[in-house]
Structure formats: structure tokens, C-alpha cells
Amino acid sequence: MTAVSQKTTTPSANFSLFRIAFAVFLTYMTVGLPLPVIPLFVHHELGYSNTMVGIAVGIQFFATVLTRGYAGRLADQYGAKRSALQGMLACGLAGAAWLLAALLPVSAPVKFALLIVGRLILGFGESQLLTGTLTWGLGLVGPTRSGKVMSWNGMAIYGALAAGAPLGLLIHSHFGFAALAGTTMVLPLLAWAFNGTVRKVPAYTGERPSLWSVVGLIWKPGLGLALQGVGFAVIGTFISLYFVSNGWTMAGFTLTAFGGAFVLMRILFGWMPDRFGGVKVAVVSLLVETAGLLLLWLAPTAWIALVGAALTGAGCSLIFPALGVEVVKRVPAQVRGTALGGYAAFQDISYGVTGPLAGMLATSYGYPSVFLAGAISAVVGILVTILSFRRG
């Protein structure tokens, strides 16, 4: 065993882990603040279709997928801290691209192109940020606390979504898209300053298997994660348009309900994957997610939709750490960054594919249909998880 694998959690390590997670919260506001606003900006201000809305939201995740391998190698070979800080700076640059889209006196296609550039930069930054912070956290507290590391980072991410969605709509409605873009440009720089003095963890040495051999070890939990991700993708992409189409207010608070329930589950039950193993926790979580998405599909009122969003958030909450525990068990220490990056890439692919496909579904069958599609995906995720791990 390496020295790192023998580490136990100390107060100083916990405080460093908190600082990393808080910096993730600040940086991930670059995702949370614009998430409910971009569909409105693309559809209402630029005049594009639901499919183009899906592309504008989903393309970020394709950029994340394509750079996960680079982020994992960067964290494994040159240090997780470098990966995380580099990701924060890239997320700040995304806000600069959106600021240009808001301020330049150019045509709608050019504004849309600048928006897409910002989304691509954000995807590049997100892959480095999350892969770096997960690997950094594991180096600080040790792999036996992998569920804790993933839970704290997840709380930061979805806390940023919960706080960012209504705040983003508020900033946009009162001050416009330029103010929103400027805010997203500044927050990652604050996160970078907050994390600058957290100690490095050494890069691992040893033989490094190829990326494809690592994927061969993690594809089963990755597939379960991808099927879970459809639910969040349809909420993040179409919930604001769903509410507007029904004449409901409080669209931003659906992501608050989702993110709040997500964080609460992590706080109360984030220890479960380390204690009981990932598979049982993942199956129960997918059942809860299914119930929430079915409520959103059938919701007669805004309040029922909010309950559905909260249930979906509660269901999604523990799936990443639950199946992530299985990933950490399967790979050697020197490729944990690559493995975690590849694992998260399954979710990114899900987010990226879901956006445009759900956009076509919404155009043909209405916005409720996308939530039914999410529920069906979660049910398939239950079956895949049970069958894969029973055979594995």
C-alpha cells in the first residue's frame, strides 16, 4: 500500500477538502447562473428553435467529454492542483465570451456563435476542475474516503445549481445578460484565489494503462451514471421553457428544489456508499429519480412540478458517489484521475446527447414528454445496474 492509501481523515485534511469544495461551488456558479437563462436567451431573444436550445446547452458537455482524457492525464502526471486551478481560469474565460455576446452590436448568428464558444470553453474548464478536485481530494484524505470526497464535491456542484438558477434569472431580469456574464467571469477568479494555498498532493508514479483499458474497467458504473444523467439534463435544459409554456412562475426555483434536495441527501446520507457499497444505494436512488420525473411529466400545477424536481434531485444525489465507489475499487492508484475523468465523461455524454434529442422530442410531443423520457432512462438504469453487477 502507498502512503496515500493509508491516510486517515484529519481536521486539517477536512478543512482543505472544504476549501476545495467551496472553490468548486464558486466556480460551478458559472454553470448554475446561466443554466435557466440560456434557453430563454436563445429561444426568446435570439429567436431560435428548441433544438438549437438543446445544442446551446448540450454542447458544453461534449467539450467536457472530449477533454476528460486530457484532464485525467494532467491530474495524474502533473498534479491535481494544477488541473483544478487551470479549470477555474478557463471557466472565467467562458464568462468573457458571453459578455462579448451580450455587448457586441452584431447579428443573432454571431451572438449565438459567441455563446457556443463560451459553452465550449466552459466544458473544457469543467473537465479540468472536477477531475482535478476529485483527484486532489482523494490525495488529501485517502481512497477509503472516496465517497466523502465525491459527496462534498457533489454538494458544491448542486448547491451552486440550487443557488445559481433563481439568482441567474433575477440578475437577467433586472440587469440583463451582460451583468450575468460579468458575474460568471469574476466568480472563478475568486475561487482560484481561495484555493491557491491548499497544499499539493504528489502525482502518482507507476505503469499507466491505456485509456481504453481503463474504460474497460469502469464502463459498467459509467453506463448506470449516464442513464441517470438524462433526468437532470431534461430538467436543466427545458424546465424554464416548460414553466413558461404553462404560464407558471417560479421556474428558477425548480433547480433550487432539485439542488436543495440533492445537497440535503448528500449531507444526511452521503456516508451510505462507503458503508453499504454502491450498487444498493444506486438502485434505490434511481427509483426515487424515476418517481420525481414521472411527477414532472404529469404535473398539473407548478407546486407539483417543484415536488417532482425535488424528488428527482434526491434520487440523483447519491448515484455519482455510489457508482464512483465501485470505480475507485476497480483501478490502480496511478490512474485514478483518468478513471474518475472517464467515469464522469459518461454523464457528460448523457447531458450532451440528451439536449438536442430532447429538443426534437419537445417540438414533436410537447415539453412534458422529455420528463417521461428521463423516467424511462432511469428505469433502464436500474436494470442495467442490477444485471451488470450481478454478472460482474
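Backbone N, Cα and C atoms are what each Cβ position is placed from, and that goes for glycine too.
The following features are taken from Swiss-Prot:
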TRANSMEM  22-42  transmembrane segment
TRANSMEM  46-66  transmembrane segment
TRANSMEM  97-117  transmembrane segment
TRANSMEM  121-141  transmembrane segment
TRANSMEM  151-171  transmembrane segment
TRANSMEM  174-194  transmembrane segment
TRANSMEM  224-244  transmembrane segment
TRANSMEM  252-272  transmembrane segment
TRANSMEM  276-298  transmembrane segment
TRANSMEM  342-362  transmembrane segment
TRANSMEM  369-389  transmembrane segment
- Message: Which sequence-distant residues neighbour the transmembrane segment (121-141)? Criterion: at least 6 residues beyond either end, Cβ under 8 Å.
- Response: 4, 7-9, 13-14, 16-17, 20-21, 23-24, 27-28, 30-31, 59-68, 70-72, 74-76, 80-94, 97, 148-150, 152-153, 157, 188, 198-199, 201-202, 328, 336-337, 340-341, 344, 348
- For the transmembrane segment (151-171), sequence-distant contacts whose Cβ falls under 8 Å of one of its Cβ atoms, 6 or more beyond its ends: 17-18, 20-22, 24-26, 28-29, 31-37, 130, 133-134, 137, 179-180, 183, 236, 240, 251-260, 262-263, 266-267, 270-271, 273, 313, 317-318, 320-321
- Message: Give the nonlocal contacts of the transmembrane segment (342-362) in its own chain as ranges (CB under 8 Å, at least six residues past its ends).
- Response: 49-62, 64-65, 68-69, 72, 123, 127, 130-131, 211, 214-215, 218-219, 221-223, 225-230, 232-234, 236-238, 241, 320, 323-324, 327, 369-370, 373
- Item | Long-range environment of the transmembrane segment (224-244) - Cβ separation under 8 angstroms, sequence gap at least 6 | 35-37, 39-40, 43, 50, 53-54, 57-58, 161, 169, 250-252, 254-255, 258, 282, 285-286, 289, 292-293, 296, 302, 305, 309, 312, 315-316, 319-320, 323, 343-344, 346-347, 349-351, 354-355, 358-359, 362, 367-368, 370-371, 373-375, 377-378, 380-381, 384-385, 388
- Checking 22-42, 46-66, 97-117, 276-298 against the transmembrane segment (369-389) for Cβ pairs under 8 Å, the most are found for 276-298
- Close approaches to the transmembrane segment (276-298) from elsewhere in its chain (Cβ under 8 angstroms; 6 or more beyond its ends): 221, 224, 227-228, 231, 234-235, 304-305, 307-319, 321-326, 368-369, 371-372, 374-375, 378-379, 381-382, 385-386, 389
- Per the Cβ under 8 Å criterion, with at least 6 residues separating them from its ends, the transmembrane segment (22-42) contacts 48, 52-53, 56-57, 60, 84, 87-88, 91-92, 94-95, 98, 112, 115, 122, 125-126, 129-130, 133, 153, 156-157, 159-165, 167-169, 171-172, 177, 180-181, 183-184, 187-188, 190-192, 194-195, 236-241, 244, 251-252, 255, 259
